[in-house]
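The following features are taken from TrEMBL:
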ACT_SITE  His84  active site
ACT_SITE  Glu142  active site
ACT_SITE  His146  active site
DOMAIN    342-452  domain 'DOMON'
SIGNAL    1-25  signal peptide
TRANSMEM  499-520  transmembrane segment
TRANSMEM  527-552  transmembrane segment
TRANSMEM  564-583  transmembrane segment
TRANSMEM  595-618  transmembrane segment
TRANSMEM  630-651  transmembrane segment
Amino acid sequence: MAILSAQFASAVALIAAASLCLIEAKQAGIGVEIGSRGGGGQREFDYFNLALQWPGTFCQRTRYCCSSNACCRGSNGPTVFTIHGLWPDYNDGTWPACCTQKTFDEKEISTLHDALEKYWPSLSCGKPSSCRGGKGSFWGHEWGKHLRLLLFVAYNEQLNSDLRAMTLFFLACITCAKKHGTCSSPVVGDEYNYFLTTLNVYFKYNVTQILNEAGYVPSNTEKYPLGGIVSAIQNVFRATPKLVCKKGAVEELHLCFYKDFKPRDCLVGSGNLNDKLASSSSCPNYVSIPAYTSWGLGGGETEISTRVNSQTDSCSSSLNLQNVNLPFDAASLNCLAVWDAHNYILRYSQTSSNLWTFVLSAPAANSYIAIGFSSNGQMVGSSAIVGWMSPTGGEIKPYYLGGTSPNLVEPNKGSLQVGTNFSLITSQSNRLYLGFQLETNQPLSRLIYSVGPDGLLPVAPNYRLSEHSDKVSTSINYITGQSKSSTESPHSRLRKSHGVLNMLGWGILMIIGVIVARYLKPYDPLWFYLHTCIQSFGLIFGIIGVFCGFVLKNKLNADVSTHKSLGIFILVLGCLQVMALLIRPEKESKVRKYWNWYHHGVGRILIIFAVANVFYGIHLGEKGKGWSAGYGVVIAILFVTAFIFELRLWLRK
């Protein structure tokens, strides 16, 4: 009887455990077959969910360091939202899994490896499971998905050997992991395209930049309103994200997309934004965005007891490079923190009357670093020293920056007289050290620093530089040892004059003049004098603005050919209007009708191109949304005014 009771209890335990597994599987939207490979009969997903994770929150839980854990990269660790995965989901909250028999092959994405390491890193030392069982990389985990039901049978031989009864203790274990790439194949295709598409979507919808511009910056002391963070993203992407929090800190942020990768709401349902947030978010009303804390990486996988940042260089310590013999006293070098955003440290000294020594260090072991010497603080026209570590060794080259296009950035050229006694490029503790000497009595004091895109290094034979990912223009006083960033753009007054004059002349006054001519005809001849006066001022301001543009273009040596061509075209149309005024026929003339067609048509074409070129100029000048929004409001007011006048004119007829 006792044996039967034990067998009955074991059966009940098995049924209960199996039921829990099936319920969990049903919630995950997965049909379970013990021993199946998954993917059978699953319907196609409804939308994409781009899951991003905030390293500042994840890395607070780091207890072990290893080579795969991005939390252990020191100052080169992630300081932006990184990718967790691109997940195909169903509208009911479930998801498909293991939709094909394709296995993950890291060789397929070898060309994306550097970008994935930077923007899609693992934030732990554990090896997650994959569709086919076993353990693998974080990327392999995101490519596949499985549900595995393991039944363990334990035998317990009872004391009654005559019955030789066996009591079965069934221990059910379900392991679910969200692995998604294989189920995205109807839209993104193969493994390579899944990762490439995810990176492209991530770059296009830059959440970190949006939040920083809105004032939501990483901080270990500030708390921000949850609704404000959601609204900042919603206002730009026109879709509502979803946030996941851990102990009041933002841990994940989800952006949702239709299958054509147009944004859609992650939070669905009726009600206002606050109601939706309250019903679907794990976050309180005020949340933190913790600043990333760098952790040191010891040998192998080691438990962290203290925080170490091996990638940090500072002026509080002297230059100490292993296995490098310096032909000068390192202690004699002046030291400056010249670019805090990227932890650039510059050391320099005047070694002799006409010889200067420079050593630049930066945490950019997988990209190039550059220091440019400029006469006016502009990158174009400057000469630079660029260094990087390639798979075959270090490279250091002088460059001349003749323009903004890559073919105008020429290696082994420029005005710098580089000394031959000392040249250094080495990577130590994940920092790049670039050293060189210049033969000059006094180096230029306007210095420009830049960092290249991760993983895109110059290669032989052309050694063409990819466009920098970031730069800063500074000025340095070599005597006092002070350096400061240039906050204003070069020729800022000339830029503003060019923009304001063209905006006012071509983009505003010309439109007002047209409104006066069309809707104030009953006030003859007042309308004519007003029209002529307004258009004349618009033409004068526009001509001055165009000439300011020519001067600015020559000073900046910038590639603005489209903007320039449009400006010349608008100027020609304006001059044609003046010439047409001089040959205007009398009202009674038979050709007056055709003259009117010409005059009105050219005027409208001028205004259309002028408005477009003003917006394009704001874009080129990188003036941001403020200028575009301000000018857009003015155009909207003029349009509404014209619409009201046109409506009144139509009603009178």
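Note: Cβ is positioned from N, Cα and C throughout, glycine not excepted.
In sequence order, Ala51, Leu52, Gln53, Glu142, Glu252 are the residues of the chain that are 6 or more apart from His84 (active site) and have a CB within less than 8 Å of its CB. Secondary structure of the domain 'DOMON' (342-452), assigned with DSSP and counted as helix (H, G, I), strand (E, B) and coil, comes to 4 helix, 69 strand, 38 coil. Within 10 Å of the Cβ of Glu142 (active site) there are 26 other Cβ atoms, across all protein chains. The average pLDDT for the domain 'DOMON' (342-452) in the predicted structure is 88. Counting only same-chain residues 6+ beyond the ends of the transmembrane segment (630-651), those with a CB under 8 A from a CB of the stretch are 503, 507-508, 511-512, 515, 518-519, 611, 614-615, 618.
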